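Feature annotation from Swiss-Prot assigns transmembrane segment to 11-31, 41-61, 65-87, 91-110, 125-145, 150-170, 369-389, 406-426, 430-450, 455-474, 481-501.
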C-alpha cells in the first residue's frame with residue numbers, strides 16, 4: 001500500500017497534468033477561451049478531492065464529468081431558447097435567466113446530493129452565455145458550441161490524466177467494507193441481545209447506517225469506473241437492501257428483548273454473546289447459528305432472529321461474489337430475483353428547496369439590475385459569481401462555510417493572479433514550456449492543499465484560473481484584470497450576505513415532515529401485497545437525512561427506527577384484509593402526510609389512531625392471534641404517544 005504522502009503527490013500530479021494538457025490542446029485547436037477547458041479540468045478533478053479529503057476514486061471523476069456535460073448542455077439550450085425568443089427585450093431576458101438559475105437551484109435541492117451538481121450548473125451556464133453575448137447576440141450559437149466543446153475537452157483531459165497516472169479504483173474500498181459487513185452486523189446483534197448499553201447500540205446502528213449509505217455511493221462510482229463490474233454492482237444493490245434489513249431485524253430483536261427478556265432460548269443467547277473479533281470468526285459464528293437453528297427447528301423463536309440468520313447467510317454469499325466478481329450462480333440469482341426494486345419517494349425538503357431557489361433568484365436579479373443601472377464593467381462577473389456561489393453553496397451541508405470558502409479563494413486569488421497576470425504570464429509568452437511550468441506550479445500547490453480540505457484552497461484554484469486571461473491570442477489589459485478580480489470578490493461577498501440575510505428556518509419543519517413520512521410508510525405496510533413495494537431503502541434515506549439535520553437528537557432517531565421496525569413487521573404479517581377499514585386508514589394517513597394546516601393534520605392523526613385501534617379490535621373479534629396484532633397495537637400507541645413530534 002502506498003504511503004498517504006505519495007498518494008497526495010500523485011493526485012497533485014494528476015491535477016497538474018489535466019490542467020496543462022487542457023490548455024495545450026485548447027491552444028492547439030485554436031479555441032477562443034482555453035480558460036474554460038482548464039477550469040473544467042480543475043473542477044472535475046479537484047471538486048471530488050476536496051469533498052473526499054484525499055485522492056478521489058476514478059469513478060467519482062467520471063461521474064462528476066458526466067454531470068458537468070449534462071448541466072452545460074441544458075444551460076446552453078436554455079440560453080439559445082431565451083435569446084431566440086427575447087432578443088429584443090434584453091432586460092426581460094436577463095431577468096428570466098436569473099429566474100432559470102433560481103428554478104435550477106430549487107430543483108437541485110430536491111434531487112439526490114450526487115446529482116444536484118448538474119442542475120446547479122445548468123442554471124448559471126445559461127446566465128454566463130447570455131451575458132457574454134449581449135453585445136453580439138448573433139454569435140450565441142458559436143459561443144454555446146465552443147463552451148460545450150471546451151467543457152468536454154477539459155473533462156477528457158481530467159479522465160486521461162487520471163488514467164495515465166494510476167487511477168484509484170474504488171473496488172479495494174468496496175471489498176474492505178463488504179468484507180467487514182458481517183462482523184459489524186453480528187456485533188450489532190450482540191449489543192441488541194444484551195440490551196444493557198443503549199448508547200453502544202445507538203453507536204452501532206449509526207455506524208452501520210452510514211456504512212450502508214457510503215456503500216450505495218461507492219456502487220455508483222464502481223459502475224462508471226469500468227465495464228468489468230456489472231455483476232458486482234448487481235450484488236452491491238442487493239447487499240444494500242440486505243444490510244438495512246439486518247439492521248432492522250436487530251432493532252426488532254432489541255425491542256423484543258426489552259419487552260420479553262426470555263424470548264430467546266438460552267443456547268442462542270450463549271452463542272450470540274460469545275465475542276468475535278475477525279470476519280473469519282463472524283463467518284464461523286454464522287455457521288454455528290445456522291446449525292443451532294436447524295437443530296432447534298425454529299419453534300418458539302422470534303421471527304426476527306430467524307430472518308436475521310437467513311439474511312446474514314444471503315449477505316455472506318453475495319459478499320463472496322462481490323470480492324471474486326465471478327459469474328452469478330443459481331443461489332445468488334434467486335436472491336437477486338427476490339430483491340424487489342426500491343421505491344422512490346419525493347423529497348421531504350420542499351420548503352428548504354424553495355428557500356434555496358429564492359436565494360439564487362433574488363441575489364442574481366438584484367445583481368443584474370444593479371449592473372444594468374450602474375453600467376459597471378465588472379457587474380457581469382459579479383452577477384455570475386453570485387449565481388455560482390448561491391447555486392453550489394446551498395446544496396452543501398454547511399452553505400455558510402462553502403460561501404466563505406469561495407470568498408477566501410477570491411481574496412487569495414487577487415494577489416496570486418496579479419503576480420501571474422503582470423509578471424509571470426507576459427514573461428512566458430515566447431515559450432510554451434515556461435507557460436506550462438508556471439501554471440503547473442500553481443496547480444500542484446493547490447492540488448496538495450485541496451486534499452487537506454484547506455479553507456479557500458478550491459476557491460483559490462478556480463478563482464485564479466478564472467481571472468487569468470487564458471485566451472487565444474493572449475492580451476494583458478490591466479483594467480480587465482482589476483475589473484474581473486474585484487467583481488469576483490464583491491460577487492462572493494454579496495452571495496454570502498444573501499445567504500446570511502435570507503435565513504433558512506425549515507429544519508424543524510423538515511424534521512416533522514420526515515417523521516410523518518416514516519409513519520406513513522409504516523401504515524402503508526398494511527396495504528395489499530401488490531402495492532407494498534420495497535420501501536426500506538427509501539425509509540432509511542429519510543432516516544439518514546434526519547440524522548444529518550438532528551445529529552444529537554437520540555430520541556427522534558430511536559422513534560424513527562421504531563417506525564421502520566414496525567413497517568417491516570407489518571409488511572411481513574398475515575393480517576386478515578378488511579378493505580373498508582384499510583381504505584379509511586390509508587385516507588387518514590394520506591391526509592396526515594399531505595394536509596395543510598396543523599388542525600387538519602391533528603384531525604387526520606386522531607382518525608388514523610382511532611382507525612388502527614378499531615381495526616385491531618375487529619381482528620380480535622374475528623379470532624386473530626395476539627402475536628400478529630402486537631405490531632398494530634404498537635403502531636397506534638407510538639402515533640398517539642409521539643403526536644407532538646409528528647405535529648409540532
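A Cβ is built for glycine as well, from the same backbone N, Cα and C atoms used for every other residue.
Ranking 11-31, 125-145, 150-170, 430-450, 481-501 by CB pairs under 8 A with the transmembrane segment (65-87) puts 125-145 at the top. With a cut-off of 8 Å on Cβ pairs spaced 6 or more residues apart, the transmembrane segment (455-474) and the transmembrane segment (91-110) reach fewer than 3 such pairs and are scored as not touching. The stretch with the most CB contacts under 8 Å to the transmembrane segment (481-501), chosen from 125-145, 150-170, 406-426, 430-450, is 406-426.
Counting residues 6+ beyond its ends, the transmembrane segment (406-426) has Cβ neighbours under 8 Å at 385, 388-389, 393, 435, 438-439, 442, 455-464, 466-469, 474, 476, 478, 481, 485, 488-489, 491-493, 495-496 in the same chain.
Most Cβ pairs within less than 8 Å of the transmembrane segment (430-450), among stretches 11-31, 41-61, 91-110, 150-170, belong to 11-31.
Between the transmembrane segment (41-61) and the transmembrane segment (91-110) there are fewer than 3 Cβ pairs closer than 8 Å, counting only residues 6 or more apart in sequence, so the two stretches are not in contact. Outside the transmembrane segment (11-31), and at least 6 residues removed from its termini, the chain residues within Cβ reach (under 8 Å) are 37-38, 40-42, 44-46, 49, 54-56, 146, 149-150, 153-154, 157-158, 160-162, 164-165, 432, 435-436, 439-440, 443-448, 450-451, 465, 470, 472.
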